[in-house]
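A.B. asks: Below are the structure tokens for one structure; questions will follow.
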Amino acid sequence: MAKTSSTTKDAQDLFHAIWSAYSATPTNLKIIDLYVVFAVFTALLQDVYMALVGPFPFNSFLSGVLSCVGTAVLAVCLRIQVNKENKEFKDLGPERAFADFVLCNLVLHLVIMNFLG
């Protein structure tokens with residue numbers, strides 16, 4: 001029984017350490033994180049809908065899911081580039097990173113619209 005309570009306490013300490021470290025994250029990165037969570041949640045919601053209703057217009061389903069996943073991946077790339085603590089992108093300004101994000105999203109959605117037919 002002591003081992004279980006020790007494991008629970010370790011898990012709680014770990015969660016508290018992660019939460020306190022994330023609390024120090026700048027607000028703009030938290031907004032990007034929220035956007036990523038929303039995109040992934042939307043993709044999961046589309047998966048559940050397809051499982052319940054059926055995949056009749058399968059290219060539409062694939063377009064929707066790939067749009068959500070692609071947007072989430074591009075947002076993660078934006079988060080990496082905008083993060084001040086990241087040493088690899090020190091000389092890349094946030095405006096340039098956002099412009100890259102917008103341009104890549106435009107290309108992604110043009111490809112997805114082409115895939116729809």
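Cβ coordinates are placed from backbone N, Cα and C, and glycine is handled just like the others.
The topological domain 'Cytoplasmic' feature in Swiss-Prot is assigned to 1-33, 79-96; the stated evidence is sequence analysis. What Swiss-Prot lists as transmembrane segment is 34-54, 58-78, 97-117, and the listing cites sequence analysis.
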A.B. asks: So, by DSSP, how many helix, strand and coil residues make up the topological domain 'Cytoplasmic' (1-33)?
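C.D. replies: Summed over the topological domain 'Cytoplasmic' (1-33), the classes give 29 helix, 0 strand, 4 coil.
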A.B. asks: Using a Cβ cut-off of under 8 Å, list the residues of the same chain at least 6 residues beyond the transmembrane segment (34-54) that approach it.
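C.D. replies: Answer is 61, 64-65, 68-69, 71-72, 75-76, 79.
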A.B. asks: Helix, strand, coil: count each for the residues of the topological domain 'Cytoplasmic' (79-96), based on DSSP.
C.D. replies: 7 helix, 0 strand, 11 coil
A.B. asks: For the topological domain 'Cytoplasmic' (79-96), what are the same-chain contacts with Cβ under 8 Å, counting residues 6+ beyond its ends?
C.D. replies: 26, 28-29, 32-33, 36
A.B. asks: Where does the mean pLDDT land for the topological domain 'Cytoplasmic' (1-33)?
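C.D. replies: Residues in the topological domain 'Cytoplasmic' (1-33) carry a mean pLDDT of 86 in this prediction.
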A.B. asks: Same chain, outside the topological domain 'Cytoplasmic' (1-33) by at least 6, Cβ under 8 Å from its Cβ: which residues?
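C.D. replies: Counting only partners 6 or more residues beyond its ends, the topological domain 'Cytoplasmic' (1-33) has Cβ contacts under 8 Å with 75, 78-79, 82-84.
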